[in-house]
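**Student:** From Swiss-Prot, here are the annotated features:
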- G37, P38, S39, G40, C41, G42, K43, S44: ATP binding site (BINDING)
- 5-248: domain 'ABC transporter' (DOMAIN)
Amino acid sequence: MSKRIEVNDLNVYYGKFHAVEDVSLTIEPRSVTAFIGPSGCGKSTFLRTLNRMHEVIPGAYVEGEVLIDGNNLYGAGVDPVLVRRQVGMVFQRPNPFPTMSIRDNVLAGVKLNNHRISKTDADDLVEGSLRGANLWNEVKDRLNLPGSGLSGGQQQRLCIARAIAVSPDVLLMDEPCSALDPISTLAIEDLIEELKNDYTIVIVTHNMQQASRVSDRTAFFTIAGTGKPGKLIEYNDTNIIFSNPSAQATEDYVSGRFG
């Protein structure tokens, strides 16, 4: 688990609209990388290109390369379903399957991929995934109850458990704490710090303090105006981005002068 991501000259389009322009960067394994920038700058769109989730929108396509340990996710014959198994996604709002039990939520991805699994192996996978998401001790006595009955923070950790149950190499998180209270946010941030020991993690956040707390490296995106493509302005170690950025636009954003 945990893979290196290399992006070369990536451009993202929705039909004729150029959404993200000419991004190149490398994300090292077992690290947390934060994408920051104003609304509409393309950071979430770019995040979705890392597991081809943007393709659910009709007319979406990319030019350029996304390599995971040297393998191009956009190569001829590459199955997007297999890509999304390798590169998991946690969304902005917790989205457990409301009619499924906690246990079945964890196993949902495994069953979707048609993996046959014994009850013993399933039990072990459920426990291991919930432990990996720091949720086991809170739910071990109610695994057969609906996941929708959990608190917001617990639901988000359940979604993380569901994501890691299929053994991905990379975890993408699109503003995973934006709908959570401060205590639940802290629990997710602590979990991210633990998960990076096993996964490559990329997180989109509007919270500058969160980016500075959880990430090793930070990419700042911005946009010149309505209808213009988002651009990567600066990518560096997080402490440099927040203390001594090279671009004036980065300094203006992280210091709160705009954005």
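Just so it is clear, glycine is given a Cβ too, placed from its N, Cα and C backbone atoms.
Walk me through where these features lie, including what they touch and how far apart they are.
**Tutor:** In this view, G37 (ATP binding site) is surrounded by 25 other Cβ atoms within 10 Å of its Cβ, with every protein chain counted.
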**Student:** Here are the binding-site residues: S39, S44. Which has the lowest count of other Cβ atoms within 10 Å?
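**Tutor:** Looking at the binding-site residues S39, S44, the Cβ with the fewest others within 10 Å is that of S39.
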**Student:** Among P38, G40, G42, the binding-site residues in question, whose Cβ has the most other Cβ atoms within 10 Å in this structure?
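**Tutor:** When each Cβ's neighbours within 10 Å are tallied, G42 tops the list.
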**Student:** Including all protein chains displayed, how many Cβ atoms other than that of K43 (ATP binding site) lie within 10 Å of its Cβ?
**Tutor:** 27
**Student:** For K43 (ATP binding site), just give me the three-state DSSP call.
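**Tutor:** The three-state answer is helix.
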**Student:** Which ones in the same chain are close to C41 (ATP binding site), with CB under 8 Å and 6+ residues apart in sequence?
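**Tutor:** Correct list: F221, T222, I223, G230, K231.
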